[in-house]
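Participant: My questions will all concern the structure given below.
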Amino acid sequence: MPVCHWEAYSITLIQRERMSGMITLAARDAASDAAHAAYKATVELWTLYSFGVAVTLLRTYARVRAVGWRNLGADDYLIWVAIIFYTAQTSLAYSVGKFAHGLANNSMTDAQRAALSPSNPEYVARVIGSKIQVAGWTTYMLLIGFLKLSVLAFYVRLTDGLSRKYRIPVFVGFALVIGSMVASVLTIFTACRPFNHYWQINPAPENVCQPAISMPIIWVTFAANLATDPFLIFVPIPMLWKSSLKTLKKVAVTIVLSAGVFVLVCATIKSVFLIVSPVSGAQIAEEWGTRETFVAVITTNLPMIFKLFKTWLGVLFGSAFQTSQKTYKTPSGGFRSIGGGDYPSRSRDRRGPPSSNPVTANMTFNESEERIVDNVQLEGLKAYAGPGGETTSSPGIVVSSQIEVTHEARRSANSVQPEQNVHEPW
C-alpha cells in the first residue's frame with residue numbers, strides 16, 4: 001500500500017510539473033504574441049504618419065508651384081495646424097504602448113484594483129496610460145476639426161464669386177465643425193468630475209471616468225463626425241451635378257471630393273468596437289483610430305495633389321494622361337481660382353452694358369471647362385487664339401486641364417475695367 005501511495009504521489013508530481021510547464025509555455029507564447037502585435041502596431045503607426053506628412057508636403061509643393069508662397073490660402077495653413085496635432089496624437093499613441101504598456105484604469109476587477117499599491121509599476125503604468133488617453137482624445141478632436149476647417153476653407157475659394165446659395169452651406173459647415181469641436185472638447189474636460197478621477201485606480205471609477213472607454217466621449221465624438229462628415233461631402237455635389245460636365249467626369253470629381261466617406265467608415269468601426277466590446281475591442285478600436293486619422297489627412301490633401309499626380313503620370317505614360325493647356329480671357333476685375341492666386345494679364349476695354357449677372361464662376365476639372373451663373377448655366381466663353389489678341393467664340397465645353405473660379409465685380413455701364421487672366425492647375 002505505501003508503494004502504491006508513493007507511485008500515486010509521483011504521478012501527481014509529474015502531472016503538476018507538466019501542467020506548470022504547459023502554463024509557462026502558454027504564458028511565453030502569449031507574451032510573444034503581445035510583443036509581436038505591439039511591434040506591428042508601432043510599425044503601422046509610424047508608417048502611416050510618415051506617409052501622411054509626406055502627402056501634406058507634396059500638397060504644399062503643388063500649391064506653391066501653382067500660386068507661390070504669398071498666394072497660399074487659409075486651407076494651406078490650416079492643414080499644417082492639423083499636422084501639428086497629428087504629430088502629437090501619433091506620439092501619444094506610441095507612448096501609451098511604450099511607457100504605459102497599453103494599460104489604463106479600465107478593464108480591472110475590484111480585487112485587482114485593491115491588490116495594486118501606488119508604488120506598484122503596473123499602478124504607475126495605468127495612471128500614465130489614463131492621462132495619455134485623455135490627451136489623446138483631445139488631440140484627436142482638434143486634429144479632425146482642423147482638417148475639416150481646411151476642407152471648408154478650400155470650399156470658400158471654390159465658391160468665390162458664386163451666388164449666396166452656394167456659399168451659405170459652406171459657412172453653415174464652419175458653424176457645425178466649430179460647434180462639434182467645442183462640444184467634444186467640453187465633454188472630455190467636464191464629463192468626469194473631479195477631473196483627476198480620469199486616472200483613479202482604486203476605488204473603481206465610473207465608466208465616464210475611464211477615458212479609454214468613456215461612453216460620453218465615444219458617443220459625442222462619433223456624433224460630431226456623423227453630423228459633419230456627410231455635410232462636408234455633399235456641399236460641392238449639387239454645384240457639380242448642375243454643371244455641364246460629362247457624366248463620367250462628374251463621377252470622377254465626385255469620387256475625389258467624396259473620399260472623406262472613408263473617414264466616417266473608420267470612425268464608425270472604431271466606435272462600434274468600443275461600444276460593443278469595451279474590454280476586448282479597445283485594442284482593435286485603437287488600430288482603427290490610427291487608420292481613421294491617416295485617411296482623414298490623405299483625403300483632405302487629395303484634391304490639391306490630384307493635378308500633380310496626373311502631370312507625373314503624363315510624363316511616365318505619355319499622351320494617355322496629357323491634357324491640352326489653353327488660355328482664357330474673362331471680363332473680370334478680379335479672379336479667385338482654386339489655387340487662390342491672382343495674377344496680372346493682358347487687358348482690353350470692356351464694351352457694352354453691364355452684365356445682368358455680376359457674379360460668374362468658371363470651374364474646370366480634367367479637361368472640361370464651364371461657366372456657372374447663379375443656376376450654374378453654361379454661357380459663352382472666349383479664348384485668345386494667339387498673341388495677336390483675336391478671339392473666337394467657344395460654344396459648349398472648352399478643353400482645359402484647370403479648375404478656375406472667376407469673380408466679376410459689378411460695374412457701371414460707362415466704366416472701363418481691364419480684365420485679368422489667371423491660370424492655376426489643380
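Here the Cβ of each residue, glycine as well, is placed from N, Cα and C on the backbone.
Automatic, uncurated: that is what TrEMBL annotation is.
Pulled the feature table from TrEMBL, pasting it below:
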TRANSMEM  46-64  transmembrane segment
DOMAIN    59-310  domain 'Rhodopsin'
TRANSMEM  76-96  transmembrane segment
TRANSMEM  137-156  transmembrane segment
TRANSMEM  168-189  transmembrane segment
TRANSMEM  217-241  transmembrane segment
TRANSMEM  253-276  transmembrane segment
REGION    332-363  region 'Disordered'
REGION    407-426  region 'Disordered'
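Could you give the neighbours, burial and distances for every feature on this list?
Facilitator: Counting only same-chain residues 6+ beyond the ends of the transmembrane segment (46-64), those with a CB under 8 A from a CB of the stretch are 72-73, 76, 79-80, 83, 86-87, 90, 94, 290-291, 293-294, 297-298, 301, 304-305, 307-308, 339-340.
Listed as Cβ neighbours of the transmembrane segment (76-96) (distance under 8 Å, sequence separation of 6 or more from its ends, same chain) are residues 42, 45-46, 49, 52-53, 56, 59-60, 63, 102, 104, 129, 132-133, 135-136, 139-140, 142-143, 146-147, 149-150, 153, 286, 289-290, 293, 297, 300-301, 340.
Non-local neighbours of the transmembrane segment (137-156) in the same chain are 73-75, 78-79, 81-82, 85-86, 88-89, 92, 167, 170, 173-174, 177-178, 180-181, 184-185, 188-189, 211, 217, 221, 224-225, 228, 232, 235-236, 260, 289, 293, 296-297, 300, 303-304, 338; each lies 6+ residues outside the stretch with a CB under 8 Å from one of its CB atoms.
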Participant: The domain 'Rhodopsin' (59-310): mean pLDDT?
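Facilitator: Mean pLDDT, the domain 'Rhodopsin' (59-310): 90.
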